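Novice: Let me give you the structure first, and then I'll get to my questions.
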Amino acid sequence: VGCAECPMHCKGKMAKPTCENEVCKCNIGKKD
């Protein structure tokens with residue numbers, strides 16, 4: 001998932017969205 005979609009992608013999950021190298025990750029201790 002790209003940076004632009006990251007906040008919506010991670011919404012509703014107990015996660016903090018972060019973006020590295022144009023890749024979205026929802027940090028829950030695991031990489032998404």
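Placed from the backbone N, Cα and C atoms, the Cβ positions cover glycine too.
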Novice: Between C3, C6, C10, which residue forms the disulfide that Swiss-Prot gives for C26?
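Specialist: That record, Swiss-Prot, gives the partner as C10.
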Novice: Looking at the disulfide-bonded residues listed here (C10, C24, C26), whose Cα lies nearest to that of C3 (disulfide bond)?
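Specialist: Looking at Cα distances from C3 (disulfide bond), the smallest one goes to C24.
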Novice: Let me know how many other Cβ atoms fall within 10 Å of the Cβ of C26 (disulfide bond).
Specialist: 19
Novice: What three-state secondary structure does DSSP assign to C6 (disulfide bond)?
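Specialist: In three-state terms, C6 (disulfide bond) counts as helix.
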Novice: Near the Cβ of C6 (disulfide bond), how many other Cβ atoms are there if near means within 10 Å?
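Specialist: A count of 19.
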